[in-house]
Amino acid sequence: MLKVDSKLDYKVADISLADWGNKEMQLSEREMPGLMSIREKYGKEKPLKGLKVMGSLHMTIQTAMLIETLHALGADIRWASCNIFSTQDHAAAAIAANGTAKVFAWKGETLEEYWWCTEQALTWPDGSGPDLIVDDGGDATLLIHHGVKAEKDASILDEKTDNKEFQCVLDRLKLSVAETPGKWTAIAEKVRGVSEETTTGVHRLYQMQEAGELLFPAINVNDSVTKSKFDNLYGCRESLADGIKRATDVMIAGKVVVVVGYGDVGKGCAQSMRGFGARVLVTEIDPICALQAAMEGFEVCTMANAVERGDVFVTCTGNYHVITGEHISKMKDEAIICNIGHFDNEIEMGYLENSKTAKKIEIKPQVDKWVMESGKSVIVLAEGRLVNLGCATGHPSFVMSNSFTNQALAQIDLAKNEYEPKVMILSKKLDEEVARLHLERLGVELDVLSKEQADYISVDVEGPYKPDHYRY
């Protein structure tokens, strides 16, 4: 079991990649106008000065730009990735070499290494924890909350589980609680708040809030319009195809692509695949989303109906086992399976991994062919984890500037204000400001309401222009 070394400055794959990372970061500046504006606006004020910020978010070039922004605002930063395959090693090297943050991330971590990186990023040299957290998927938040529970009742660490990753969490905490009693309670007490990036992480936060277990304030960045309607939709519309094509070189045109789930992510994925000429099937459990898909011209059917027809399967739900072992056994020979929702449990990977008869053949990193007893095979991308980050480089810089500008504003908000432990969202005014910061880069000009027009629809000339309940 790896032990935390709070005096370690970084652990990355190859520090010599820093120059490459810095050049790509410079290339991203023009594509990330929101973050650059935040630096310009708040750089002198330094609202995060004296505050410790921990990040658990994909260590990509775009995230490096967010880290540089938080550093420019005065933060003392430690960082880990939130996915074992999503780190861009040159981005991690650049941040480590620049001294912008203490980074613990590399592509291809084991699960044990992943959770070590998370605890390592949560532990400052004096043994203290962060004031603020930037989370993606809720893993940093989960580790703290489960650590606090374990310090109250160590027996929970002896729970039996078939989930390999959760077993790593229990093992990590067992070592931590034994070596540093009271560590997690002390960390939780000092956290001013967390800003959460994803649908999955937000779902976890609301579950904890409803159970009365949320230990510190949380800002739901995911449900900012300039995040969910842009990152989730337009980001996935580009990065899904990037991941599939880099991994397999498959011709998408003419293929049957099954998109599992038609939320914002699923909408982007379905549009992407149709744009490449695929025949797209959508599966849904929500009648509203199903109706939306049908009205967009997609065939909507059950998984039972789609499973024998699909050439490519994409899970977009954030749910559990939406592709089961039974589904996998009925798929066409060499059907491609991938996930762009969040965790690897959207696909029942245990059906393949625990099988005594299925044989795994690695084609190349993050592309595995599983040959089943029947003689048929399936091709699984990124071991069922995020295909756009495991097999490509994630969303483009411009759309991530939307998301990360929200993250920076959320961190400033949590730094300046003290809140009750509950889940909040950023104001509509800030949401509109994030959008406004990105218009010039696209050559967009806005009309302006007259005073009479503003009065007529009961808004201010400067906005916000829509009520909170408006659905974009």
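Glycine too: its Cβ is placed from the backbone N, Cα and C atoms.
Taken straight from Swiss-Prot:
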- T60, D136, E197, K227, D231: substrate binding site (BINDING)
- 198-200, N232, 261-266, E284, N319, 340-342, N388: NAD(+) binding site (BINDING)
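Rounded to the nearest whole angstrom, the C-alpha distance between T60 (substrate binding site) and T198 (NAD(+) binding site) is 16. For the binding-site residues G261, G263, counting C-beta atoms within 10 A of each C-beta gives the highest total at G261. Of all the Cβ atoms in the protein chains shown, 27 others lie within 10 Å of the Cβ of E197 (substrate binding site). When the Cα atoms are compared, V265 (NAD(+) binding site) and D136 (substrate binding site) turn out to be 16 Å apart. Of all Cβ atoms in the shown protein chains, 26 besides its own fall within 10 Å of the Cβ of D136 (substrate binding site). The binding-site residues recorded for this entry are D136, K227, D231, and the Cα of D136 lies nearest to that of T200 (NAD(+) binding site). The C-beta environment of I340 (NAD(+) binding site), restricted to residues of the same chain at least 6 apart in sequence and closer than 8 Å, consists of C236, S239, L240, G243, V265, C269, V314, T315, C316, L386, V387, N388. The binding-site residues in question are T60, T200, and the one with the fewest Cβ neighbours inside 10 Å is T200.
Among the residues T60, D136, E197, K227, D231 said to bind substrate, no two Cα atoms are farther apart than 17 Å. Annotation for K227 (substrate binding site): same-chain Cβ neighbours under 8 Å, separated by at least 6 residues, are E197, V221, N402, S403, N406. Cα separation, G263 (NAD(+) binding site) to D231 (substrate binding site), rounded: 13 Å. On the backbone, the CA of T198 (NAD(+) binding site) and the CA of D231 (substrate binding site) stand 10 Å apart.
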